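Student: Have a look at this one.
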Amino acid sequence: MSTNNSDIRVVVGMSGGVDSSVTAHILKEQGYDVIGIFMKNWDDTDEFGVCTATEDYDDVIRVANQIGIPYYAVNFEKEYWDKVFTYFLDEYKLGRTPNPDVMCNKEIKFKAFLEHAESLGADYVATGHYAQVKKVGDEIELLRGVDNNKDQTYFLNQLSQDQLKKVMFPLGGMEKTEVREIATKAGLATANKKDSTGICFIGERNFKQFLSEYLPAQPGDMRTLNGEVLGKHDGLMYYTIGQRHGLGIGGDGEPWFVVGKDLKNNVLFVEQGFHHDSLYSDSLIATDISFTTNSEKPKTFVCTAKFRYRQTDTKVTVNMREDGTAEVVFADPVRAITPGQAVVFYDGDICLGGGTIDTVWKKGAKLNYVG
């Protein structure tokens, strides 16, 4: 055990899952002064909102006691509602498909939580994210996690240098199977706990039902781009670009897919065939651009990009515009680009940053049917 590390205080965001449990265990084994914090971001007494918070906190307590670290629960419900959930609802009202995990990392896990950790004398915060940080000169690079299937840099694309300088990601160099093995070997209470999936405040519940409690659904026509009415939709907010299931269109031939929305007239556009031309575009405009390093970027640069989590990288050219937005031009047409989702830029394994997809284009024209 290193004696130097005992002078370094690391506050670990513990969710009650195996990843954050192993994170705390590893840091404790390495001799750091470790404190576990459970973030309560959602009111689980609410009739609709469940994050299984009580069970999860019980697991945090069990693991913290096993590895011998102090633990606390901190309430970030107000911050979460104001910064993440309100944004989530506002995006759906606009007919877009938001990514609350990106906003949660930016505003809660690496802002509100980081500030709280610093009030406890933390030198660093650590989480169970599958990502890596590396010091290069005066800057910290954000790198993909070794486990390609679990890499979470897509959701961390908005982190700044000030945030990255304060974080540790002990799992970034591991495969998920290794993490489970460490948990089992250490006898951690969460070793066999199932991974959480989906959006935490929705939990295991039906997404449609959850959303309808906060936003009134407005059913309307489901049409082709040529205007043929094929049925009714339940409310534009329930559908995303490229969606196949839940359309209720029968008949022969290939399946039908959502290709766009007309918010003003409350119309959902659908077309037949996975590779229908209307699903493809060759560029987009992104807003809320943020870079993970402070070094000056050229106005135009070539890199790769992801337009959704776990998607294969696509080669792109990024043209930064005077208004701070970015035009992202694809080397080859891409299917089902979705406004509201994140576009994230990479140079090899380095996550350069990203932004929010705003408008979608093809052959120099904006695809108005997409949004």
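Even glycines carry a Cβ here, placed using N, Cα and C.
Quantities reported herein were computed from a predicted structural model and do not represent experimental measurements.
Below, the features straight out of Swiss-Prot:
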ACT_SITE  C104  active site, nucleophile
BINDING   G13, M14, S15, G16, G17, V18, D19, S20, M39, G128  ATP binding site
DISULFID  C104-C200  disulfide bond
SITE      H129  site 'Interaction with tRNA'
SITE      Q341  site 'Interaction with tRNA'
Student: Cα-Cα, whole number of Å: S15 (ATP binding site) versus C104 (active site, nucleophile)?
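Tutor: Computed Cα spacing between S15 (ATP binding site) and C104 (active site, nucleophile) is 14 Å.
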Student: Taking Cα atoms as reference points, which of the recorded positions C104, H129, C200, Q341 is nearest to D19 (ATP binding site)?
Tutor: H129
Student: Can you name the residues of this chain that are 6 or more positions from G17 (ATP binding site) yet have a C-beta less than 8 Å from its C-beta?
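Tutor: Listed in sequence order, they are D56, D59, G128, T190, K193, D195, S196.
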Student: Going along the chain, which residues six or more apart from M39 (ATP binding site) have their CB under 8 A from its CB?
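Tutor: Correct list: G13, S15, V74, F76, I108, K109, F113.
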Student: Nearest to Q341 (site 'Interaction with tRNA') in three-dimensional space, by Cα, is which of the recorded positions C104, H129, C200?
Tutor: C104
Student: How many Å separate the Cα atoms of C200 (disulfide bond) and the residue listed as 'active site, nucleophile'?
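Tutor: Taking the Cα atoms only, C200 (disulfide bond) lies 11 Å from the residue listed as 'active site, nucleophile'.
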Student: Which residues does H129 (site 'Interaction with tRNA') neighbour through Cβ under 8 Å, counting only same-chain ones at least six apart?
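Tutor: Once residues fewer than 6 apart are set aside, H129 (site 'Interaction with tRNA') is near D19, G145, Q152, F155, L156, F169, L171, G172.
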Student: Considering the recorded positions C104, C200, which residue's Cβ sits among the greatest number of other Cβ atoms within 10 Å?
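Tutor: Per the Cβ count, the most surrounded site is C104.
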